[in-house]
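Database features, via TrEMBL:
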type	residues	note
DOMAIN	110-294	domain 'ABC transmembrane type-1'
TRANSMEM	62-78	transmembrane segment
TRANSMEM	117-136	transmembrane segment
TRANSMEM	148-170	transmembrane segment
TRANSMEM	176-192	transmembrane segment
TRANSMEM	239-261	transmembrane segment
TRANSMEM	273-293	transmembrane segment
Amino acid sequence: MTPSPDAPSRPETGRTASADVPSVADPIVAAATTPSQQFAARSGRAPGGGAGRLLRGLWSNLWRLWFFVTVLVLWWVLSADSTSTFFPPLRDIAQSLYDTWIAGEARSDLWSSLRHFAVGYTIAGVLGVAVGALLWKFQRIGHAVSPVLYFIYVIPTAALLPAIVAIMGIGSSMKITIIVLAAIWPTMLNTLDGMRGIEPLRLDTARVLHMSPLATVRSIVLPGAMPQIMAGLRHSLQIGVIMMVVSELIASREGIGFFILEAQQRFAITEMWTGIIVLAVVGSILTFLFIAVERVVLAWYIGARAVEQKG
């Protein structure tokens with residue numbers, strides 16, 4: 001029987017789907033109901049420019065500053081008539097903050113801390129993802145070294161500081177090493193757990209479709225593990241800031257931590273409080289920036305979750 005020319009043609013059976021375009025049967029792609037959402041789920045990007053999403057991510061977190069502003073107002077009012085040596089009025093701290101950190105020479109301590117943190121955190125993030133991926137790829141090696149890794153992981157990095165100072169001395173390399181040794185673990189372990197959690201069916205489908213290793217990593221492995229990788233990077237950021245200060249408090253001649261300790265030893269309590277405030281501001285800004293970047297990187301994931309919850 002000859003098929004009608006108006007009848008829909010059957011799909012060709014000898015053809016293979018593109019290795020770079022996941023099937024709509026994929027749960028995340030299927031959860032997207034509009035073409036733009038499906039494109040976002042397939043490509044790992046949400047509709048709209050990256051700069052726009054970054055600005056929206058920053059703006060969505062600004063409203064949380066109301067609590068911070070409220071605390072500052074209460075601190076200013078309640079400390080206005082303070083005569084305590086250890087809790088000076090906030091107006092005195094604010095004046096010292098300007099004189100020391102904006103118009104003074106303490107800016108060099110700020111840049112020193114930021115430089116060491118940036119280098120250490122970047123190295124920890126890259127190595128953490130790379131080592132976690134290698135342990136996932138070579139599972140036998142991963143299972144063999146896991147007990148050793150977890151044994152090292154439970155050792156507080158601060159306990160290793162005396163040994164590291166004895167080996168490396170006091171300098172930038174020591175501070176960066178401390179940050180890397182402490183911050184690498186959350187990223188590495190989260191990367192490993194995230195990749196282990198990828199459904200085997202997806203990897204089998206990639207092999208059936210003859211996807212290249214690079215396409216498999218780009219389209220399946222990284223999107224599947226990225227939420228946990230970002231969670232690990234956020235934890236690493238917090239640990240990195242902590243160890244940055246610890247290394248400067250114990251063995252350093254520069255940095256925010258050194259400034260705080262040196263001011264306390266000189267009994268310059270007002271200056272000590274300025275260092276603590278600067279440290280809090282730096283940590284808050286780094287966290288807000290990370291959250292904004294996280295919203296951009298995980299835009300497809302956040303959108304898919306929102307669609308699933310609405311459905």
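Using the three backbone atoms N, Cα and C, a Cβ is placed for every residue, glycine included.
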Residues sitting near the transmembrane segment (176-192): Cβ under 8 Å, six or more positions beyond its termini, same chain?
116-117, 119-121, 123-125, 127-129, 131-133, 135-136, 142, 153, 157, 160-161, 164, 168, 225, 228-229, 231-233, 235-237, 239-240, 242-244, 246-247
Dominant neighbour of the transmembrane segment (117-136) in 62-78, 148-170, 239-261, 273-293, by Cβ pairs under 8 Å:
239-261
